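Colleague: Quick one: this structure, given as structure tokens, is what I'll be asking you about.
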Amino acid sequence: MESERGLLLVEENPRKGGLRTMPFIIVNESFERVASFGLQLNMIIYLMTYYNMSAATGTSILGLWGALSNGLALFGAITADFYLGRYRAVAYGSISTLIGMIILWLTAMIPQLKSSPCSQNQHVCNGVTALQLAVLFSSFGFMSIGAGFVRPCSIIFGADQLENKKNPNNQRILESYFNWYNASSGISTILAVTVIVYIQDNYGWKVGFGVPAILMFLSVLMFQIGSPLYIKVKPKTTENLVIGLFQAAVAAFRKRNTRRPLSDCDEFYRWPLESDVLPPSKDFRCLNRACIIEDPQRDLNPDGSASNQWNLCSVEQVESLKALIKALPMWSTCFMIFVDMNVFSFSLLQTKTMDRHIFPHFEVPAASFSVFMIAALTIWIAFYDRILVPLLSKYTGQPRGLSPITRMGIGLISSGMSIALSAITESIRRQRAIEEGHEDDPNALVNMSAMWFVPQYALLGVAEATHAVGQVEFFYALFPESMSSIASSMYTVGTAVSSLIGSILVSGVDWLSSTGGKTSWLSSNINRGHIDYFFWLLSFLSFINFLYFLVVCRFYESLNDGSSRLSHVAEDKECDYRLLHES
């Protein structure tokens, strides 16, 4: 975080910043999270009811929405750091999210903006117009843009207010802030999963969408009220790391025919302030051409800087590109675990047909079952950090108990087990529904407790807790210090790619399984479809992915024992966990 902040200029004003700004920033993020996350959980029901979408189509659209939101987070972080500044990024993002929520709320309020729901006796339903879909998708687009700016910038914007290197207690204050920020995010997520979902189920969509819109309005209002108190970091448009990676690739391609040796050469270009004087590594030696000085008169300016950065790059840029290439195989193994998590829409349809009563007069909303995943994630992190780490570190020699790669593998196994268990549970649920005569009524309640799904959600929570944290630790060990922000953003970009893959997979399975007039596996009538077959397919793909993971691990054996092959990475480098869910 310090290296990232070193690229920025800060407005010095002792009367700004400090703890007094925290309520405005934390309330802004908390209300935004409650509002936006609360809208997503029941969205598949809204799409199927008022837009006459099939379960497969609705799930694919929600997958694309998730891919767009997560993909824009990286764009939002780069834009904030180098063009807008974090204050304007959070402000613009919050307003964009508010606009999207208001548009979505209007679709529930104005009958002309959605189609009429199909009755059970209707064989042909009214089609959805292009205008209705345009309004719906515009709301998704505004909310995605807002999430892309708010989530990667909000937590760091709060840290900007507390950064004071002259204060000897500054580190303790920052750690306390990150703990409170993450605690508020967790509480907000639980409120979204429980309270907002309950309102939608019991008071309808007009109130269910109106409450998040009001909360988002309060989020924007609170953030703007605190504006005079904020320290506002100004962006610096030079030395963009992402652009530097592209420059290194372009320079290596342009100089692919150079006859200069790629090793035993001292004429490598470095930035004037670059302290590392080591030569480029021997990995991917073809990329070393990008930093070779062929003609000092032509390649360098009088002050020693490169005359054309798209033709000559520094050693640091080349090594950063190499580190990114090294990370890609391991990064690709993470896609399947997020694909498994993105089938929540089908789990929602399953639990709606089952007995969800905990007490005789209290029924858990179907969309609230994801709280078991959140609970399992939280309990596992606390259990691992406080109990397992001290025990395992004595036997493994790892300061974090298990190596990042080992924890990633445990996450993949847990995810695959969860999907296999879901397939077994769905087979039992579907068989009971048919035996009870509900084959043609997907809304009929089956005499089976929805608590059967708790183990699946718990395993997914453990999978995310082990794999996600291990993945970020792995990238922090592999990447140089200058790429810390990229290490954090790899997780978010991975979820975006996974959402896209999941959307394509759902559409493909729906199309293939329905050829020849057959009932699709992913039919909206889940009693006639075969969601269990789809889950078994995901289980098989998870198994193949785990085998691929084992192959990929052979290329990272040095990192599996806690060391790093990069000489410029400190052995005690600490993973920036606070950026995991916000990057």
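Keep in mind that glycine also has a Cβ here, set from the backbone N, Cα and C atoms.
Whatever TrEMBL says is automated annotation, not expert-curated.
Source: prediction; values computed, not measured.
The transmembrane segment annotation in TrEMBL covers 63-84, 91-110, 130-159, 180-199, 211-231, 366-384, 405-424, 491-513, 533-556.
I'd like to know what surrounds each of these features in this structure.
Modeller: Residues 28, 32, 35-36, 39, 50, 76, 84, 132, 135-136, 138-150, 153, 204-206, 208-210, 212-213, 216-217, 219-220, 223-224, 227 of the same chain, all 6+ positions outside the transmembrane segment (91-110), place their C-beta atoms under 8 angstroms from a C-beta of that stretch.
Beyond the transmembrane segment (211-231), the same-chain residues lying 6 or more positions past its ends with a Cβ under 8 Å from any Cβ of the stretch are 10-11, 13, 16-18, 20-21, 23-25, 27-32, 34-36, 38-39, 87, 90-91, 94-95, 97-98, 101-102, 104-105, 157, 160-161, 163, 196, 199.
Long-range neighbours of the transmembrane segment (366-384) within the same chain, counting only residues 6 or more positions beyond its ends whose Cβ lies under 8 Å from a Cβ of the stretch, are 41-42, 186, 189-190, 193-194, 197-198, 200-201, 344, 347-348, 351-352, 356, 401, 450, 453-454, 457-462, 464-466, 469.
Remote same-chain residues near the transmembrane segment (405-424) are listed as 330, 333-334, 336-337, 340-341, 343, 347, 453, 455-457, 459-460, 462-471, 473-474, 532-533, 535-536, 538-539, 542-543, 545-546, 549-550, 553, 556, 559-560 (criterion: CB distance under 8 Å, separation of at least six residues from the stretch ends).
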Colleague: Determine which recorded stretch among 130-159, 180-199, 491-513, 533-556 has the most C-beta pairs below 8 angstroms with the transmembrane segment (63-84).
Modeller: 130-159
Colleague: Near the transmembrane segment (491-513), which residues from the same chain, at least 6 beyond its ends, have a CB less than 8 A from one of its CBs?
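Modeller: Here the qualifying positions are 54, 56-57, 59-61, 63-64, 66-71, 73-74, 152, 331, 334-339, 342-343, 468, 471-472, 520-522, 530, 533-534, 537, 580, 583.
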